[in-house]
Structures are given as C-alpha cells and as structure tokens.
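> Pasting the feature list from Swiss-Prot:
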type	residues	note
DOMAIN	121-321	domain 'ATP-grasp'
BINDING	149-204	ATP binding site
BINDING	Asp275, Glu288	Mg(2+) 1 binding site
BINDING	Glu288, Asn290	Mg(2+) 2 binding site
Amino acid sequence: MKRTIAIVAGGDSSELVVSLRSAQGLYSFIDKERYNLYIVEMEGHRWEVVLPDGSKTPIDRNDFSFMENGEKKQFDFAYITIHGTPGENGILQGYFDLLGIPYSSCNVLVSAMTFNKFTCNQYLKGFGIRVAESLILRKGFEITDEEVINKIGLPCFIKPNAGGSSFGVTKVKTKEDIQPAIEKAFEESDEVMIEAFMKGTEITCGCYKTSDKEVVFPITEVVSANEFFDYGAKYNGESQEITPARLPEDTAERVRLLTSAIYDILGCSGLIRIDYIITEGEKVNLLEINTTPGMTATSFIPQQVRAAGLDIKDVMTDIIENKF
C-alpha cells in the first residue's frame, strides 16, 4: 500500500515564495509510483492541502488529516520544505512529534539550534571549527558604530540571526551604513548578527545519512556577480555555480570530512547543506547550516545530486524510507 506524503511548504517569513518553489521541485522529484503526494500550504492560520484538481481543502490540525471525496485521509510522512518559521526552527517538528508523524528534517533541538546562526556557530567553535568573529544584538538593545568597528571591523555583514535566502542581509562598508543595516535586519528577526567579513571562495556542500549509508555530495563553488551571494544571486541567476568546485583535492576532502563531522556533532537528520568560505591558506571557515535546503530544480542539492551521478528520486526515497 502506498504511503501518503505531505510536502509541507509556505511558512510565515519572507521565504514563503522560495518554499513554494521548493515544494514544486520536490513534487517532481519524489517517486509518484511509490507514494501518494500532496502539497500542504501553510501561511499563518491557513493550512490547506492542494488536491489533484487544484482545489484546496483545510487541514484538521488536531491530527494533520484532511477530507477528500468525503473520505478522511491521514498522512504517513511530512517532507518539510518551509524555509524559515515554523518549518526550519523546530516549531513544526515539535508538532509532528506530538502527533507521531515522521518527518524529513532534523529534530526540534537541532532545527532550533541551526536556525539560530550565532548560537550554532558558537557551539561548533567549541569543537575547533573555524567561524567568523561575530556578535549578537537583540531587539531593544543598541550598539554604537564605534563598538561595531572596534569589535568586528569593516567591512562586515549585518544579518538577521534567524532567517535565510539572504533577506535582510547587508554588506556594510562604511560607518554611516551600520545603523540602517541593523534596522533592515531587525525587520526579519528579533536578533541581529554582526559578522566579520572574510575574503575568499564561497562553497556549499550537501549531505545526508541513513541507517546504512552516508552520502556527501560534490561541492559547489559560488561566484556571485553581486557584492555577496544575495537574493538576486541565489534566485535571479546573478551568480555562477560550479559543481564540482575548483578546489585542490585535499581542500575538497577536508570540506567533505568536515561536513560529515558537523552532521554527526549536531545529530542531523535528512538532507542538509553547509555553506563555507575558503580563505587564504586554504582555511575552511563555516558560514551556516541549512537543515531545509532549497529544492527547486536549480537549487544546489539537485545540482550536486546530478554531479554525483545519482538519481534524485532514489535520494528522496532514501530520506523517506529511513524514517520507517
């Protein structure tokens, strides 16, 4: 009997549109001969299932069920592809845990920690992993331009501490731009991370593990036409993405080993993607960890799956079946 899979998309952040694109990607990737697939759209209090005829019907949040043709349908598995709250920060994971519904991503604790960039990076720094110098600023508190310059220096990045797709991120080069950048970041998050700029090559590496296999994908090098890998570079084609990355083999191997190690240190589950920057002397520096990475046809993970010579349908089946 076919399992019924919910591809859960949407969310309550600026990343909603990106998430809906990822849902379409996943719908095309997952094996429809093996699974019954439905896209579930969440936006605030609107939780709806998209039915095969394109109409939408509400989800019963008491048990995450829905009605189709007068029959109550229950989901066997949730593939979470919400980028941002509530799907990337542990909230939705906790809901599914309460209902006993298995899901694709990391658990509550890991999701919450990795969504908090500052906390995650400081935690991993304790394991000897290189990260940029940074500080955290919470809503209601202020920091002077001089403090930023003295503690972090210029240029620097000012970004929402919780968020993705580069919404609210500014590369700050001058003293005059510090406060406007902080205000912009606070529009996306209650906490702002101020991070030292690192000059180097941006790369990203995907990974997943099951009970009987470990897969670390070929690394992608990101060459942005913009100041940094911002929203335009990510989604409007304003970057060159090279897979496999043009790295010395020993550096690439260190990145692959580090990606696998971080997966285990944090206790990740499902597909993750880790962003790094390679600085002078082939030093590998962690930027951030994505536990619900983009899954559009042109996203990094599908690119890396193709470069590895794998079938993305098989990868999706691995992720789902590992939870049963």
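Each residue, glycine too, has its Cβ placed from N, Cα and C.
These figures come from a predicted structure and were not determined experimentally.
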> Glu191 (ATP binding site): which of the binding-site residues Asp275, Glu288, Asn290 is the nearest Cα neighbour?
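Going through Asp275, Glu288, Asn290 one by one, the Cα closest to that of Glu191 (ATP binding site) is Glu288.
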> Pick the one among the binding-site residues Ile149, Cys156, Met198 whose Cβ has the fewest other Cβ atoms within 10 Å in this structure.
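If we count Cβ atoms within 10 Å for the binding-site residues Ile149, Cys156, Met198, the smallest count is at Ile149.
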> Could you measure between Asp177 (ATP binding site) and Asn290 (Mg(2+) 2 binding site) for me? Cα positions, answer in whole angstrom.
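Here the two Cα atoms lie 28 Å apart.
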> Would you kindly give the Cα-Cα distance separating Glu288 (Mg(2+) 1 binding site) and Thr170 (ATP binding site), rounded to the nearest Å?
16
> Given Asp275 (Mg(2+) 1 binding site) and Asn290 (Mg(2+) 2 binding site), what distance in Å do their CA atoms have, once rounded to a whole number?
8
> Roughly how many Å separate the Cα of Ile149 (ATP binding site) from that of Glu288 (Mg(2+) 1 binding site), to the nearest whole number?
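Glu288 (Mg(2+) 1 binding site) has its Cα 23 Å from the Cα of Ile149 (ATP binding site).
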> How many neighbouring Cβ atoms, not counting its own, are there within 10 Å of the Cβ of Asp275 (Mg(2+) 1 binding site)?
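So the Cβ neighbour count for Asp275 (Mg(2+) 1 binding site) comes to 19.
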> Looking only at C-alpha atoms, tell me how far Lys184 (ATP binding site) is from Glu288 (Mg(2+) 1 binding site), rounded to the nearest Å.
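Approximately 20 Å lies between the Cα of Lys184 (ATP binding site) and that of Glu288 (Mg(2+) 1 binding site).
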> Count the other Cβ atoms sitting within 10 Å of the Cβ of Lys184 (ATP binding site), across every protein chain shown.
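Its Cβ shell of radius 10 Å holds 18 other Cβ atoms.
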> Could you state the CA-to-CA distance between Met198 (ATP binding site) and Asn290 (Mg(2+) 2 binding site) to the nearest Å?
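Per the Cα atoms, Met198 (ATP binding site) and Asn290 (Mg(2+) 2 binding site) stand 20 Å apart.
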> Roughly how many angstrom lie between the C-alpha atoms of Cys156 (ATP binding site) and Asn290 (Mg(2+) 2 binding site)?
21
> What mean pLDDT score does the domain 'ATP-grasp' (121-321) have in the model?
92
